[in-house]
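> Dumping the structure here so I can ask a few things about it.
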Amino acid sequence: MLNVTLLGTGGGMPMPNRFLSSVVMNFNGRKILLDCGEGTQVSMRVNGTGFKSIDIICISHLHGDHIYGLPGLLSTIGNSGRVEDIYIIGPNGIKEVIEGFLITLPYLPYKLNILEDASNLEFMVKKEKIELVELNEKISSDLTIETLGLDHSSPCLGYSFNIRRGRKFNVEKALMNKVPKELWSKLQRNEEVSLNGVKYYSYMVLGDERKGIKLSYTTDTRPTEDIPGFIKESDLYICEGTYGSEEDMHKAIKNKHMTFKEAANLAKKGQVKELLLTHFSPSINDPKEFINNAREVFENLHAGSDGEERVLNFKE
């Protein structure tokens, strides 16, 4: 099960009813943060989201409405008692920006691992942390993070998160591979173990792969040819909808953003299950006023609001 909370749905500048861009994902008690605009900390407190268990922070690009909440958040995480490493993923330039932030944060009790312009990252989700791993054909990860270069006025990344579902234990397979019973539980947890000089792997006791959960996130950008394939069959697609009306198309083109309808068209092409719009222009008082026109293109579309949640479950 994956819990998703929109912490901030505004673009450009914070508004009384909308903080700036941020989303938090919670999987098995471990958290991933997508962007960190102003107000992120406040929204996390309002929504009861803990700070200490944030393991990965994904930044789309380096415009202020997506990163200005980060220095304060990193400080608060340090004050929460966290000592485990945190991964920060972002576009070219993210390392320099973070190093600048660290001038004001010289005593963080944890290490920041900055992954610049990276893709196809594999992670294991453990009870105490999420950990980057190098895989081989015998061990599968719990989480894959893929990135896609977008079309914005600053280097910008879209993100796709694929959460694998644990395979069922296969007794016949374990017996066929002559795996000692005392190792079964460890192998079911995807651990590599040895006994009497013999190595045993999880594939020796587990059945076929089952359908996992996919969440995709793209902001800020114009529509591109690569986005539909990147978001294909996502259970949830969170996408910018900076402008609600097609009358603002000239602004969308000039500022390299999207209208609601353009986002809906991407969702339709990508065959996603649900489109959740975010990153609304300060000129939009009520995004829901513009939803119906976009629903002519893609029906299962909603205008997100701060604090809105989704729960994505594994399905057989």
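Backbone N, Cα and C atoms are what each Cβ position is placed from, and that goes for glycine too.
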> Where Swiss-Prot shows Asp65, His66, His279 binding Zn(2+) 2, which of Asp117, Asp220, Asp226, Asp235 is named for the same site?
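Candidate listed by Swiss-Prot for the same site: Asp220.
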> Swiss-Prot records His61, His63, Asp220 as Zn(2+) 1-binding residues. Which of His152, His250 is assigned to the same site?
His152
> How far is it from Asp220 (Zn(2+) 1 binding site) to His279 (Zn(2+) 2 binding site), counting Cα to Cα, in Å?
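Here the two Cα atoms are 8 Å apart.
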> So, three-state DSSP: helix, strand or coil for His152 (Zn(2+) 1 binding site)?
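Once the DSSP labels are grouped into three classes, His152 (Zn(2+) 1 binding site) ends up as coil.
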> Within the chain of His152 (Zn(2+) 1 binding site), which residues six or more apart in sequence place their C-beta under 8 angstroms from its C-beta?
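The answer is His61, Asp220, Thr221, Arg222, Lys256.
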> What is the number of other Cβ atoms found within 10 Å of the Cβ of His63 (Zn(2+) 1 binding site)?
20
> Return only the integer: C-alpha distance in Å from Asp65 (active site, proton acceptor) to His279 (Zn(2+) 2 binding site).
10
